[in-house]
Amino acid sequence: MERRGFVARVLRNGTVRAALVLAVFLIAWSVLQLGGLSVFLINSWLLLSLPLVLAASGVTLVIFTGEFDLSAAGVVAVTNVLMATWLSELGWLGLPLAVLVGAVVGLFNGFLVVVMRLPAIAVTLATFIILGGLALVILPTPGGRIDPGIIDFFTGQLVVPRSIIFLMVIALLWLLYRNTRMGVHAYGVGQDAEALRLSGVAVDRVKFGVFALAGTLYGLAGAVLAAVVQTGDATIGSSYLLATFAAVAIGGAAFTGGSGSVLGTMLGALTLTVIPKVLFVLGISGWVQRVFEGMLIIAAVLVGAVATQSEQRKVQAVKTTPKVEAPTVSVSGGERP
Amino acid sequence: MTLTPTESLATISRERLSVWSSPGVARPITLILLAVVALFAGRLFSAGLPSWTAAEAILTQSLFVAVLAFGQGLIMLIGGLDLSIPGVVALSATIVALSTSVYGVETWLAVLLALIASALVGLLDGYLISRFKIPAFIVTLAMGGILIGLTIGFTFGRQAPSAPPILIELFSGSGKIFGIGIPIVVFLIVGALGYVIQARSRFGRSVHLFGSSPAAARIAGMPVRRIEVSVYVVGALASGVGGIMLLGFSGNARLSLGDAWLMPAIAAVLVGGTIIGSGFGFWQSTLMATVLLTTITVVIGATGLSQGWKDVLYGVIILIALSFMRRDGGALKRVFAGLRKTQERPAVQSAP
């Protein structure tokens, strides 16, 4: 067994990597921004991150179980539009209703994937298209009106800007969820669903629950997005398809499931919203930003993949060496979801 | 299961008899019949609908879906999903339009350049996916974003450059050979070529085997890494060709040129019965599914449906296709089997 330095061991942790990436961009931003960073600038950044943090956290929960969910962008689009149209006259009631819409979509996804046994990628791609289309039907051109009470609730001040409080609440909820029965089982499903099934865990129920929970988070994300941008826009959600998975990639969760942390994803989402600000103060035009973001995502996934691959190789070596004489042909490890 | 010679002979002859119900034959026929029915049902929405003009328009548009669905189909056979189609389409169309209209490059050279660029994109995609085991849809999604960014960079926000006249002549539907629109002829050629590549060539068969079991392919000594990468190269090439055709069809290289064609391509593969990551799927079914889907779009389009409802429709079609097109032949086959009351051979295992 080779010995590893402290730095290498720390860098193996995806959340730490994500924190480092975010730190680099934050330092760059604070140095480059004329007049330095103000509470106002930081608050607007955190506020804009909040919906992405919520949506990407939902995606992360699904990825832990080894499945994929592409429907986040669709749910965000629909609930965002609903908040600006049908739900805007209901006041407070609009918020739980929007969240409910998300939960229903999550249940629908869960039903198709768990009960009907259809491939999650294709199913959630279909729900993404359907919801995106519905959002366009409900509100063809950007506009509408968001209830001022809801805007105040998310954007207001409570000693510190509320965005900070909300982010801390999400992190806290994650730490609690991680240790619940469902949270632990969800990790296990991603690592070895068969072993978990044999030990008596209702794997299907866990997956179903995770899809529903993720849908709920997307619904909330759409409502928060409506409050933050203070308008309804059916196309605003489409950027979330790439952004949610980018946040997961930067956050260091393995796309094969079973490892990672929502904290990492939160840091990834914060990084994604700070990048445009850094590029803006650098005077870099929009197309470079797109190229840069794409490359950053690929780089983040690469780093994560290399880290998990070497980890898996280590585990496999430990597992197989005592039994197999010549472990040259590896049968497992070729399948990919 | 081991069979004695006579038993296996009996099995084979039973298989022969049931050729009409085998998915590679029954499904494309069913799909094309459904397309014809849909075209006639269009009468309900528009008085002028079952017409030759409409049929020609449908086959013309099917060409673009078919070209894109060919690449998408191969990628989905091995468990991937290509979301970079809009990016590659925009890139290849912009390369052709920009180099011919602004830099005065010969059209054939411009087309060659666009295809080389597309192949390189596929090579990079395939390398990242096969070497690092990264989910294909994430790599292709990010790559699509990069390509759109680069394309904006190439054009410097200039107005969309226009297509070379020869491409417009070829793919807008105005040009004809023996009274048949050129795109329709190309559609037939693409159909035949796709069949040869996917079902008859060594490459196609190795893709099917790799898709059904990468581990088995590796143990059989196949160059699995090379197969996987070449699937993405062929996929990106198909998108590049699609981009060039769409450039001719629409007349100029807009950034959003490929946006509207991604979902139809995915839907065609799924409606054709290809099961993601199973190595199970037939090109002829995908081809007929492109005709069916385009027919539905045209018929629905006659009602003046908005883009939003069209998206909803495509999503619903994908969900229906996923639920019914299973490896065991799906709902249709079960119905036929019930009618004939025959003893079916042992149930084929459905997708994992």
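Even glycines carry a Cβ here, placed using N, Cα and C.
Annotations in TrEMBL come from automatic prediction, not curation.
What TrEMBL records for this protein:
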type: TRANSMEM; residues: A:20-39; note: transmembrane segment
type: TRANSMEM; residues: A:45-63; note: transmembrane segment
type: TRANSMEM; residues: A:70-87; note: transmembrane segment
type: TRANSMEM; residues: A:93-114; note: transmembrane segment
type: TRANSMEM; residues: A:121-139; note: transmembrane segment
type: TRANSMEM; residues: A:159-177; note: transmembrane segment
type: TRANSMEM; residues: A:208-229; note: transmembrane segment
type: TRANSMEM; residues: A:235-255; note: transmembrane segment
type: TRANSMEM; residues: A:262-285; note: transmembrane segment
Selected stretch (most C-beta pairs under 8 A with the transmembrane segment (A:208-229)) from A:20-39, A:70-87, A:121-139: A:70-87
Touch test for the transmembrane segment (A:20-39) and the transmembrane segment (A:93-114), at least 3 Cβ pairs under 8 Å: no
Recorded stretch, among A:70-87, A:93-114, A:235-255, A:262-285, maximising Cβ pairs under 8 Å relative to the transmembrane segment (A:45-63): A:262-285
Folded-back contacts onto the transmembrane segment (A:262-285), same chain, C-beta under 8 angstroms, at least six residues removed: 14-15, 17-19, 21-22, 25-26, 28-29, 32-34, 45-46, 48-49, 52-53, 56-57, 59-61, 167, 170-171, 174, 178, 243, 246-253, 292-293, 296, 300
